[in-house]
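Before I ask anything, here is the structure I am working with.
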Amino acid sequence: MAETEPVIKPKPRPIIRIGLFLISHSLLVSVVCCTAGIVALLLLPVLAKNTYVSENALMPGSARPMLTNDDASDGHKFLNRILNLDSKPINTGIEIPEVIAEHMMELGGEVSYHKFQPISNKFHPLHFFLGPDAGIIKENYSCSSYGINTVGIIRAPRGDGKEAIVMVTPYNSVRITMGEALSLGIAYSVFSLLSRVTWLAKDIIWLAADSKHGEYAAVAAWLRDYNTLSFGDLMLYQEMCDASTSPVHEMIQVKGDVISNGFRRAGTMAAALVIKVADSSPEFGNDVLNIYAEASNGQMPNLDLINIVNYLAVHGQGLQVRVEKIWSLLDSLWLNSLGKLLELLGTVVKSLNPQWKFGIPVSDYVEGCATLASSLYNQALGVPTGPHGAFRDYQVDAITMELSPTLFSSSQRVLFLLRVGRLVEGVIRSVNNLLEKFHQSFFLYLLTSPSRFASVGVYMIAFALLISPLPLVAAALFSDASKLKTAKDEIPFKPAPLGEPVPIFTSWKWLYAAKSVLAVHLWGAIVTLLPYFLSQIPNSSPSINLLIWIVLSLLSLFFAYAVSGSFSFSSTNQPQINEWALLKSVTVAAAFIGLCLMSVINFATAEIGALLLVPMCLTVVPLRLDVKVSTMRAFLRGVCNVLLVFVGFPPAAFLLLKGAIDGFDSVTFGDFWVWAESLWAWNSATYIYICMIHLPCWVLCIHTIFHRC
């Protein structure tokens, strides 16, 4: 009888061996990756690149400005007339649109009025799944509550009417300010010039937006009708308010040959500039240009648009360009200490090899971190930082340029109009050179200064390092729990022939853990919808609403646990040691999937969520295990778990962050409700993430901490 040859098992592939090695050393990998992720995030101001114009056709500053002092003087006369109208004792809100339309017609523009009414910002769950035109028209309205936008269009002499560039100047038709009048004067000066030039290849749209109901509401209403309506604007609302008796109708009857009562359109919008003038800023010693670019759900305009505005403002008109930053971080002691360390490290690296460029001055690093934190927070918030956000909902690149002049004397106003008018002219001329939409530069980036940015290829490294331990830890926990399964968990798969070993079927106990995780995430959907009903309560304070929200959420959580039987998914008399490991394994896997999905929608939200969620999910263990061991290491681990869970609670995290930035004296209990209310009013996906991903994972971590093991 021949001897049986031993069966040689094939070696697993290298990728499998690497995976098994990482899983077996998941603790070390987790510590290294999380530390590296945080370090990579802190190094972003150092790794940021200087901005540059990617699209050669833009050619900013290649042409000499054509705006003259006469154009600026005409703009100054125009704004004086606007201010004189506002000084009248009786102001119906119609006089200013009429004057704007009259001056547009004198310049040869096609003029039309756009009548709109405010949109309610009440929470409605379906708004998250509808388009940008979703909204509820307020029921209690009157004829005087309507806003009237004035629209002027210049047809391009060298164009075919298929593309357009938009200038937006918000103003309050009831009570206009000096800054709003200046923005109208700037737009009028540029509009006057563009009505005479012959190089225009794109139509020019000047939207004088009536912002008495809000700047964003006026622009969003016009854009909604621009992309949907095909009949008269006034006729649209005739059944709601008698158009034949309105002052706008009387203006149209008088000047019906040039003012259209229909909705005038130009071509597809290539770009949009929102021009605003804020209060004077004598402390800066120079005219300041603030650029706001963040739109809804972390959307950003193409970086080339910011680059040409920054280049023309600094090198063309000598303006000081600023982007938003968190000012409290500038005085941070630990941030200044870290900047000094990086500056010293950069000096050492440069001494080793002068070609190695690493490290920046302390002041640049601290200011870069403050700007980076503001850019990351604004993108994660998902709320537009200006009326330009309405354009991004229709995939139009737009920014808000807010100017803060030094003084408002009469002679300096003309000079201010000239400088800013030439800046706007240069931007329009660069966009006019484009043969196609912005596409060469980045759409995903974080700003560390007006002239430096971190692209998605750089800042995604920090996110990838933070979340990479999650699947490894989930696999390691599942593997360890499977090794500890008892005999009763081993279910025969099929009858085996006599004399052969009985094959066993791997334990399916992880399905009970998955059921618990699924039940808690379904509970998160209920928490998401509760504010819709709470917002119906009349005259309730934010603190009361938040308290009711928390109480109802707890009651619904207990009900969900009771229905699903998730308080204990095994025998209540003899809980097994591997239950909490399976629960943590599925929780970590759910957190990984949720963060990856959120990174597709809003990368900044996923980045901040990973900073809070990953350490909490990785370190959480039952407190009973630490109590049984009674060592200093176990005590520190328990304290760390409690602190991470406390900081990971969304209201606690928000209130701590608000207190660190604005001071704890200004923090109230209802601030979180106000903040959450702004998220759902703007249809921010961050609200969905908090309620359906972050909060359920936090609850599951609490479940793991108090698990009976």
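Cβ coordinates are placed from backbone N, Cα and C, and glycine is handled just like the others.
Where the annotation comes from TrEMBL, it is an automatic prediction and has not been curated.
Among the features that TrEMBL reports, transmembrane segment is placed at 20-44, 456-478, 517-534, 546-569, 581-602, 608-627, 639-661, 681-706.
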Is it the case that the transmembrane segment (456-478) and the transmembrane segment (608-627) have 3 or more CB pairs under 8 Å, with pairs at least 6 apart in sequence?
yes
Could you check if the transmembrane segment (20-44) is in contact with the transmembrane segment (608-627), meaning 3+ Cβ pairs under 8 Å among residue pairs at least 6 apart in sequence?
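The answer is yes, given that the two segments have at least 3 Cβ pairs within the 8 Å cut-off.
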I'd like to know if the transmembrane segment (681-706) touches the transmembrane segment (581-602) in this structure, counting it as a touch only when three or more C-beta pairs sit under 8 Å and are separated by 6 or more positions.
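These two stretches do touch.
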Top stretch among 517-534, 639-661, 681-706 for CB pairs under 8 A with the transmembrane segment (608-627)?
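Going through each listed stretch, the top one turns out to be 681-706.
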